[in-house]
Amino acid sequence: MPKKIHQPGGSLYCGVTLLGVLCLVVFRLIPGIPFGTYVMAERDHYHTIDDPNVPCNFYDTVNLTGHRLFPNGSYDYYGTIVPAELVGTYDYIHSSLTERIEVREHVRGCVCKFKSCLNICCPWRQVFNSEVDGCIIDHSDNRTWPDPPMLNITFRNESTILVNMFTQFAIQSFRPCPKMFSLQPETNNWDDYLLFENGSMLRVDDKLLIRKNEFCMVPTYVNESDMFYTIHPANCDMQDDHSTVKIINSYAMMFSIPFMMLTIAVYLLIPELRNQHGKSLVCYLIGLSVGYSSLCYVQLYQVDATGVTCKVFGYTAYFFFMGAYMWLSVISFDLWHNFRGTRGINRFQEKKRFLFYSLYSWGIALVFLAFTYCAQQLTNLPANLKPGIGDGVYCWLDMSNWAAMIYFYGPILAIVVANTIMFIMTAIKIHGVQREMARIIASENSTKNLRTEKDKRFYRAWSNYRFGLFLRLFLIMGITWLTELISYFVGSDKGWSKLFYISDLANAMQGFLIFMLFVMKKKVKHLITNRCSSVRDGSNQRQSQYSTKTTSSSVANLSLHEKPSVEKPLVISSSVDPQKTTIFR
């Protein structure tokens with residue numbers, strides 16, 4: 001008897017996958033390693049509101065201490081009236097995009113919620129001094145400051161107008177990063193930039209759109225002999241320690257997408273896998289792959305946030321992500337439904353049920369898309385209640401306020417909770433069925449129920465397979481999304497929030513994990529081998545049929561070209577089988 005060849009099991013692939021994820025996380029945490037040119041600080045988590053008791057996040061506020069207070073609770077901030085409902089008490093400040101410092105309580109106003117803000121690195125007429133690591137008034141500096149400072153601003157109609165910085169914008173004073181460099185287009189052509197009316201900036205050389213709180217305006221000069229300052233933007237240093245989160249996650253998603261495509265192909269081409277679970281998994285992966293592709297495009301190619309392309313990719317990503325989450329709930333429900341002990345259904349009923357699932361998943365995703373689009377484009381809701389897709393700053397959802405909870409994380413939270421409940425109920429049911437079967441097999445009447453040892457082994461294998469399917473689905477599609485939600489609520493300004501880099505990366509690599517756990521299994525690889533063998537055998541059979549057809553046709557053509565004879569009537573070979581020819585075609 002030949003020796004049985006043992007192939008690598010699922011545990012080995014899981015170990016390799018986990019090792020790869022951990023290596024990527026460690027690589028991401030190494031400081032000073034940029035991915036691409038001019039990578040920016042991580043862009044989503046620092047937009048979350050730190051304290052639910054304040055009206056907006058810190059980066060949309062200005063310090064109102066010392067400014068005029070009106071009886072109705074509003075403030076006058078250099079001619080801009082900040083209403084009372086947008087005024088709050090803060091006991092912290094941010095010294096950079098990722099560092100929070102506790103300070104004495106002071107009043108701040110959300111002026112950026114109703115007027116475009118522009119950030120200056122230091123209070124006006126102060127300069128940054130690296131020795132004291134702060135802003136100072138340099139009395140030895142005799143250079144002249146522009147009064148008033150004039151800037152070329154590009155508006156939505158693509159016109160560029162020279163405007164007074166202080167009248168066009170509400171001025172913030174904040175240094176986004178410890179290490180920064182200024183753009184100087186007078187000396188470097190690659191330092192050209194465009195400032196937009198919403199306070200964002202486009203760096204022309206690499207087409208990078210930078211948000212208002214990711215850069216600041218700074219006084220610059222070209223030569224030491226210059227006696228006047230010119231105002232230009234300063235960017236975060238491309239080797240900032242926190243600069244690679246979004247970039248590495250985007251590349252992880254790009255790495256994951258081909259594995260999703262391979263998994264989809266396997267489950268569509270193998271007949272044994274085209275059951276209800278397989279088709280639901282394919283639909284989930286289609287939604288996830290299109291969503292990942294759209295998100296990678298807007299993050300890596302820096303699409304103009306004011307253009308139509310930005311909106312198209314943003315809403316496309318939103319629709320397919322929501323569709324994927326709906327299919328996630330379908331998978332959980334169908335798994336729970338199958339373990340309830342319901343009677344089997346025929347093929348027609350299965351197709352009907354899949355059609356219902358499809359209408360449910362894509363239909364609800366379409367409803368969410370319509371609701372989100374109307375909220376952004378067709379309503380006069382406050383800016384902090386709009387999703388932010390294609391608003392001139394974001395191509396994806398605006399994570400700077402709790403509106404993201406309404407349009408994205410809220411529905412996901414509901415789905416994850418429902419899925420977790422169904423997973424727990426399914427686990428309880430599986431455990432109960434396994435105990436019952438163990439009792440039956442051990443009983444004296446087991447021969448009446450499972451008459452052969454082969455039947456017993458088959459049911460044990462089936463039960464273990466179902467439990468393994470349940471466990472894989474729960475780990476990949478339940479735990480990872482749950483940690484993503486926790487990561488959103490926690491934010492990234494806490495020291496231990498770096499732990500969520502692992503879950504973020506696991507989510508980005510979900511396609512790779514699914515491929516390893518659902519395709520690189522012994523049974524599935526065996527089905528793939530059988531499928532390839534059957535296709536190869538079918539090809540050989542068709543080639544044989546084609547050879548027979550060619551020979552018969554040659555005889556027929558020879559007979560047709562011969563001159564008919566009375567003594568020898570025309571005979572055309574009947575060996576060409578019309579049915580076989582049709583099959584070949």
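Using the three backbone atoms N, Cα and C, a Cβ is placed for every residue, glycine included.
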Next on the checklist: Quick check on the record annotations: which of Asn157, Asn557 is tagged N-linked glycosylation site by Swiss-Prot?
Outcome noted: Asn157
Item to check | Which candidate, of Asn72, Asn445, Swiss-Prot gives the annotation N-linked glycosylation site | outcome: Asn72
Checklist entry - Do Swiss-Prot's topology records have Gln349 and Leu527 sharing one side of the membrane? => result yes
Checklist outcome for this item: The residue that Swiss-Prot pairs with Cys216 in a disulfide, chosen from Cys110, Cys112, Cys117, Cys121, is Cys121
Item to check | Disulphide partner cysteine [Swiss-Prot] for Cys236, chosen from Cys177, Cys283 | outcome: Cys177
Checklist entry - Mean pLDDT for the topological domain 'Cytoplasmic' (334-353), as a whole number? => result 71
Checklist entry - According to DSSP, how is the topological domain 'Cytoplasmic' (272-280) divided among helix, strand and coil residues? => result 7 helix, 0 strand, 2 coil
Item to check | Listed stretch, out of 281-301, 354-374, 405-425, that has the most CB pairs under 8 angstroms to the transmembrane segment (251-271) | outcome: 281-301
Checklist entry - Measuring Cα to Cα, how many angstrom lie between Cys110 (disulfide bond) and Asn152 (N-linked glycosylation site)? => result 25
Item to check | Set of same-chain residues at least 6 away whose C-beta sits under 8 angstroms from Asn72 (N-linked glycosylation site) | outcome: Ala84
Checklist entry - For the glycosylation sites Asn63, Asn142, Asn152, Asn157, Asn223, which one has its C-beta crowded by the most other C-beta atoms within 10 angstroms? => result Asn63
Next on the checklist: Quick check on the disulfide-bonded residues Cys112, Cys121: which one has the highest count of other Cβ atoms within 10 Å of its Cβ?
Outcome noted: Cys112
